[in-house]
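Structure first, then comments.
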Amino acid sequence: STMRKRKTTDSPHSSTDLSEGKEKLRLKQEVGLISGVSLIAGTMIGSGIFMSPEWVLHHMGSPASSLLIWAACGLLAMFGALSYAELGTIIKESGGEYIYILRIFGSFPAFLFAYTSVILVRPAGLAAVCLSFAQYAVAPFYPGCSSPEVVVKCTAAACILLLTIINCLNVRLATSIMNIFTAAKLLALLVIVVGGLVLLAKGQTQSFQNAFQNTTAGIGAVGVAFYQGLWSYDGWNNLNYVTEELKKPEVTLPRAVMIAIPLVTCLYLLVNVSYLAAMTPSELLSSGAVAVTWGYKVLGSWAWLISLSVALSTFGSSNGTFFSGGRVCYIAAREGHMPDILSMAHVRCLTPSPALLFTSAVSLIMIISGSFTSIVNFFSFIAWLFYGMTISGLLYLKIKKPELPRSYKVPIIIPIIVLMAAVYLVLAPIIDQPQIEILYIVLFIFSGVILYFPLVRFKCHPHFLQRVTLHLQLFLEVAPTARDAN
């Protein structure tokens, strides 16, 4: 069978099993439909919609073509999420791309994904979103000048530490915060939407006259515009990282996707229309922060509400990123691709606290060093490389393993479209504007080979690691967990 057989043993180090002779710990199934919609929408709506519109317009050249890019990005995110929903009903385990690649293609490519995601992609993404939050949170205290870098970094670090405490204490607390902040950011976007509709009703439609004029038709420009738009939609796959914590995942997963992504897409389109109603294309292009400029033009003295909204939005988004990102580390450790301690859960809180602490620590290092900017710029390149691999795995299962039980099926044309888009998004920047940073990223991914064979394939583990793991278990009050019976 191509589907890899699941391991029936738990930790290979029985001496570190605090729960020996007792029932194994499990993560709580606390995520229902509303929390699932909040996790998807709350993570997707971050700083992107407040910052990216000017860059999409810059690369596309005209308002109408930029709106088409936003709609196409939403459609692509929807197609990707629907494809992932079928994977989630076949392989009912948490871990997203990691667990799907592991079960379909095997250990080695799954390790490369986990290595890249845990060490680089997830912490860098979390650090970037927290820095965005910090930038907007401290801006009101430094009117008329840029905020000191030290203050911004300290605020971002405080944000990460606060998120760590919240997510380590209680899953329900983390999801409740997601629900509250999702509601807050949706309200902020609705204010922008209503303000735009009022402006349109007053006849401010000059940006939509000859709307396709100056449209850029270059393949490279369209690809870069897609990257900018897709950054704002990033998070469409987040629910697949916490499948084992979903209530009735076979029902909740597809429903949450079908509610959240069309909702976000419609909001993004209406918000962009509102920006264009308030500003001419040239004004929008010259704006450093589109939402803030919109606030000054439409809300006047109440413009500070927009800065507050962006700060709330990015905090909620970073909470969703942290909530799902820690699960990748946890699942990879449970499968033997990371140290055993990262696969354990707190004996009382039932949260994967060691994995969350590890993700937090790496993110803090990235914030302090400040050298992750170039890596974040190529986030989409790495993401769509692995999205493409995951979708090709779904196509393999649909063609070669149609007998596998699944409660939800997506038409085969949808994953084919997503795979074609992934190939385009990976190859377009290489062909159009090759940059040395892409080579560095590829080299980093394959540097995992050096660790895989001695540590994973041949299991050459130093004996002192068992003692370290035992002491960490006692200190952190954690124990091994059982895999979901599904």
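Placement of Cβ uses the backbone N, Cα and C atoms for every residue, glycine included.
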Next on the checklist: Checking feature assignment: transmembrane segment per TrEMBL, candidates 221-239, 354-372. Which range matches?
Outcome noted: 354-372
Checklist entry - Would the transmembrane segment (378-397) count as touching the transmembrane segment (437-456), if touching means at least three Cβ pairs under 8 Å and pairs must be 6 or more apart in sequence? => result yes
Next on the checklist: Can you tell me which parts of the same chain pack against the transmembrane segment (64-85), counting only residues 6+ beyond its ends and a CB-CB cutoff under 8 A?
Outcome noted: 40, 44, 53, 56-57, 96, 208, 211-212, 215-216, 222, 225-226, 229-230, 232-233, 236-237, 240, 253-254, 257-258, 261-262, 264-265, 268-269, 272-273, 387, 390-391, 394, 408, 410, 414-415, 417-418, 421
Item to check | Positions on the same chain near the transmembrane segment (298-317), where near means CB under 8 A and six or more residues out | outcome: 42-47, 50, 129-130, 132-133, 136-137, 139-140, 159, 177-178, 180-182, 184-185, 188, 191-192, 195, 199, 235, 278, 289, 291-292
Checklist entry - Per the definition of 3+ C-beta pairs under 8 A with sequence separation of 6 or more, do the transmembrane segment (180-201) and the transmembrane segment (256-278) touch? => result yes
Checklist outcome for this item: Outside the transmembrane segment (97-118), at least 6 residues beyond either end, the same-chain residues with a Cβ under 8 Å of its Cβ set are 2-4, 6, 87, 91, 237, 240, 325, 328-329, 331-332, 335, 337-338, 358-359, 362, 382, 386-387, 389-390, 393-394, 396-397, 444-446, 448-449, 451-452, 456-457
Checklist entry - Out of 154-174, 256-278, 354-372, 409-431, 437-456, which stretch touches the transmembrane segment (31-52) the most, going by CB pairs under 8 Å? => result 256-278
